[in-house]
Amino acid sequence: MASSDVQSDESLYPIAVLIDELRNEDVQLRLNSIKKLSTIALALGVERTRSELIPFLTDTIYDEDEVLLALAEQLGTFTQLVGGDSYVHVLLPPLESLAQVEETIVRDKAVESLRTLAPQHSTTDLETYFVPTVKRLAQGDWFTSRTSASGLISVCYARVSNHVKGELRQLFKNLCQDDTPMVRRAAASKLGEFAKVVEPEYLRQELVPLFNNLANDEQDSVRLLAIEAGIAMAGLFRHEDLEQQMMQTLRAATEDKSWRVRYVVADKLVELQKAVGQEITKNDLVTAYCSLLKDPEAEVRAAAASKLKDFSNNLPTDTREQIIMSQILPCVKDLVGDMNQHVKSALASVIMGLAPILGKDNTMEHLLPLFLNQLKDDFPEVRLNIISNLDCINEVIGVRQLSQSLLPAIVELASDAKWRVRLGIIEYMPLLAGQLGSEFFDEKLSSLCMSWLTDHVFAIREAATNNLKKLVEKFGRDWAQNTVIPKVIQLARDQNYLYRMTCLFAINVLAEPCGQDVTQRMMLPTVITLGSDAVANVRFNVAKTLQRIYPAIDQNTLASHVKPCLEKLCQDSDHDVQHFANEALEKILETHLSLNNHDKEDPTQTLMSSNSVALEELAEFLDPQGRLDLKSLALQTLISLTASKEGRHLILASPNTDSNTSLLSRVCHLIFEDVQESVRFDALLFLINLTSDSELSILNCKQTSILSDFWLQLLKRCVQDRQYEHADAGCKLLSNVTSRAITVDQLNDFTEYLDKGYPSWFDDLIRAFSTIDYNLKKNNLDYLSAILVNLTQLKTIRERLRNEEHLKRLLCFTDHTHSTIRRGSVACILKNCCFDHESHEQLVHQIGNNDDFICALLLPLSVATADELTEEENDQVPIDLQYLPSNKQLEPDRDIQLILLETILLLCATKSVREYLRSKQIYYILRQYHQQPNLDFACNRTCERIIQILIGDEDYNVETDNLMELNIPHDLREKFHEIDRKEEEANKTEE
């Protein structure tokens, strides 16, 4: 009985945690708990979620608004967690409660979730559960519940019986006639939606009277929502029925005493026009529109003015021109002189759209004077809106008709005090240029475009340079070199460094459209000259400009002018100048090398024929202070040499006459001392390739002089310098060095060498590896784990890992979210640590918390346990392996799976650990793993061996606690090996 009670208490653990967290004083903790509801529901299972979790949530809804909001959102996605569509109705009670709270945003989210759940109900469940919920809300004492009900009636109406439909229509009618304005407002907002699902006869008999009542409500907030609904309803009637049913009310809305209602009519007028058809538009809406254009409220006039073009386009074709000329245009003329700038601005943005409708003669006679008046308007937004729509009038009468008025307006806008206005006119300059032609542009506007290059606002100067590019593309290269480029080059001599930088920005964008000849002849000399500018900002922009324009420069000019300039900037006293110069030079040289490589012989064959003499010659170019292009080419040649086994042997076998000038020593100096980032990386890449040969060890080569401090300094850079940009490459090199053809004695010497010169190396390495995002240059340091794998061949390193509590910092990296290199290496480290039989108990009991070590091995091999294991089985396994969700992923790499299984098998050698593993019921986890489809043969066999050990009876006659120490006769050992071989052959045959 006691045992049963304990199991019951443990099965209630998730709901108990939820209750505790929801009662916590910390709002954030309560919010986090609500956001984890889906996880808790998975842990509980669908039956307990329905019977325990949902009732608890229903009974305890009282919290901060943000917690309730999160709950309302979560419940809308809970269908599958409560058992699917058949049980979706159990989610209604908590959402019903949330739909009645005072905070509007919570109610709206609850209604949204209820609307999502409604289609998931069967027809029977809809009438049994959902409709009663709607009724209770609609008949609630508080207005909050009734407002929520308004949004739910339409989503269930279409699928219920006729009798229930009648009840729902009556409920909606009651809501529309409610005493509380907030309820009527909610009902009015959903009237259009409800009208779309109601049968046509009830639409006319019941909903139209509701619309008329709401449209005449005493509250303007209700009336304006009713008008929006009415416009939606108008599209549901035939045009002949519309006049009788609704037009009188809609017509009256254009003269409503509230400007807010009239504003809605003006804003939705085009939609209403499309709904009612051309006849009603001609008879009623034109008059209403003219009334709105003359409205006493500026907001209404502005809304109506913004619809001028669309409204006019939708007028009946046969009478369109006559209606505009006789009724609409007089109102428009009055608006041109309106006192409100927003009205005039709205009109200016659309008025030119009348030109294509009215034709050339009417435009010339009636519209052109209006355009000219607006171009002289006091408000810059009005003038800007006219200019931005010049393409409309250009199609009808040509823009030259406006040219004399355009020029003063453009000049005035170009010097407006508001920089955003100046920016706006710049954007329309290419359009004007195309319409006015180069001759008029040069005469009137060219100087204006150049003046923007010296504006005091950077955004204007930047836009001006892009404007020049578009103008050059429109007018051609000849125009550019005669008109634009001479004026741009003059800026290079300006005393203000900002304008000198603007010169460079202009050259950046002009190089491409101007072509190679103009760029080299006219612009490149200016850029080279600015490379000696006194201001560092100008100099590093020279480097950026050269990097940008080099595709437009031929190879000879690059070599004779561009490279010397960049090499000089690489030695600049300013670090930013150096950085951008190095970046530019690297990009240019990379392109140059790729072009030249097609014409070169295979460097490996050439160098192999001349033996080590060629290496000595190449080594001379590997000087940190030497020429960059020669260093880069020498390193590229050496890297290509390391691609072959013979090349690697040649390098390691070359004589070492002088340790300071040997090839490898020079390469090591480049890694730490060269100023060019690309050179440092190529030097590292050369050593990585060189040490990748499984038959060679650089620690055995004759040039051991590099060991004096190179490896120590490289490790320091990788684990101490968080800004080291090549930390990953350095770690890969150290991994190669400690793994390739190296003996245990050499490893011992290597670690003693590190201990002597860098006592804290091991602590720093573990810290760097176990700290996520440790390297600030986005190096992931995964290969540090590979170094550790190599070093854990030494018993002293394994002891250091266990005894200094470093191992527990590595356990989390067996998780599938980390890289394959990191996961695999950490698995190997754990396996290596298990070779020490005497440390097994320490590993499973003292590394981290109780079960951390075994969980680190089993979690990657685990799949979902929430549904696959019974509650009793879940409660018996370690807590980190309990109730794993259905989306739990198995370790994808089969080699890592095998390493983890072999590690567990090693642990099974110790009797006390076997008993511990049995007590933790890891058999359940391994049983699930063993049932996985397409399991690898080696993994399957290793898993079966572990299971056989764990489920077998313990032989107490065995004197040793360590099965690895058992003395197995030679004949039996051979027999076992033969069985293994046959199993492997049989498996290969099946595959």
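Glycine is no exception: its Cβ is also placed from the backbone N, Cα and C atoms.
On a predicted model such as this, the values are computed, not experimentally measured, just so you know.
Marked as domain 'Protein HGH1 N-terminal' by TrEMBL: 720-897.
Under DSSP, residues within the domain 'Protein HGH1 C-terminal' (903-955) fall into helix, strand and coil as 38 helix, 1 strand, 14 coil. The domain 'Protein HGH1 C-terminal' annotation in TrEMBL covers 903-955.
Here TrEMBL flags 14-52 (among others) as repeat 'HEAT'.
Here TrEMBL flags 91-129 (among others) as repeat 'HEAT'. Note: the repeat 'HEAT' (91-129) comprises 32 helix, 0 strand, 7 coil (DSSP; helix = H, G, I, strand = E, B).
For 168-206 (among others), the entry in TrEMBL reads repeat 'HEAT'. Computed over the repeat 'HEAT' (168-206), the whole-number mean pLDDT of the model equals 88.
Among the features that TrEMBL reports, repeat 'HEAT' is placed at 207-245 (among others). The residues of the repeat 'HEAT' (207-245), classed with DSSP into helix (H, G, I), strand (E, B) and coil, number 31 helix, 0 strand, 8 coil.
Residues annotated as repeat 'HEAT' in TrEMBL: 246-284 (among others). Residues 208, 211-212, 215-216, 220-221, 223-224, 227-228, 230-231, 233-235, 237, 239, 291-292, 295-297, 299-300, 303-304, 307, 310-311, 314-316, 319, 323 of the same chain lie 6+ residues outside the repeat 'HEAT' (246-284) yet bring a C-beta within less than 8 angstroms of a C-beta in it.
Beyond the repeat 'HEAT' (285-322), the same-chain residues lying 6 or more positions past its ends with a Cβ under 8 Å from any Cβ of the stretch are 251, 254-255, 259, 262-263, 265-267, 269-270, 272-274, 276, 278-279, 328, 331-332, 334-335, 338, 340, 342-343, 345-347, 349-351, 353-354, 357-359, 362. The annotation repeat 'HEAT' is assigned in TrEMBL to 285-322 (among others).
What TrEMBL lists as repeat 'HEAT' is 328-366 (among others).
The repeat 'HEAT' annotation in TrEMBL covers 367-405 (among others).
The feature repeat 'HEAT' is assigned by TrEMBL to 406-444 (among others). Listed as Cβ neighbours of the repeat 'HEAT' (406-444) (distance under 8 Å, sequence separation of 6 or more from its ends, same chain) are residues 375-376, 380-381, 383-384, 386-388, 390-391, 394, 398-400, 451-452, 455, 457, 459-460, 463-464, 467, 470-471, 474-475, 479, 483.
The repeat 'HEAT' annotation in TrEMBL covers 484-522 (among others).
Among the features that TrEMBL reports, repeat 'HEAT' is placed at 523-561 (among others). Within its own chain, the repeat 'HEAT' (523-561) has Cβ neighbours under 8 Å at 485, 488-489, 492, 497, 500-501, 503-505, 507-508, 510-512, 514-516, 568-569, 572, 574, 576-577, 579-581, 583-584, 587-588, 591-592, 595, counting only residues six or more beyond its boundaries.
The DSSP breakdown of the repeat 'HEAT' (523-561), given as helix, strand and coil counts, is 32 helix, 0 strand, 7 coil. Using a Cβ-Cβ cut-off under 8 Å and counting only residues 6 or more beyond its ends in the same chain, the repeat 'HEAT' (91-129) has close neighbours at 54-55, 57-58, 61, 65, 68-69, 71-73, 75-76, 78-79, 82, 85, 136-137, 140, 142, 144-145, 147-148, 151-152, 155-156, 159-161, 164.
Broken down by DSSP into helix, strand and coil, the repeat 'HEAT' (246-284) contains 32 helix, 0 strand, 7 coil. Tertiary proximity for the repeat 'HEAT' (484-522) is limited to same-chain residues at least six positions away from its ends with a CB under 8 Å from its CB atoms, namely 450, 453-454, 458, 461-462, 464-466, 468-469, 471-473, 477, 529-530, 533, 535, 537-538, 541-542, 544-545, 548-549, 552-554, 557.
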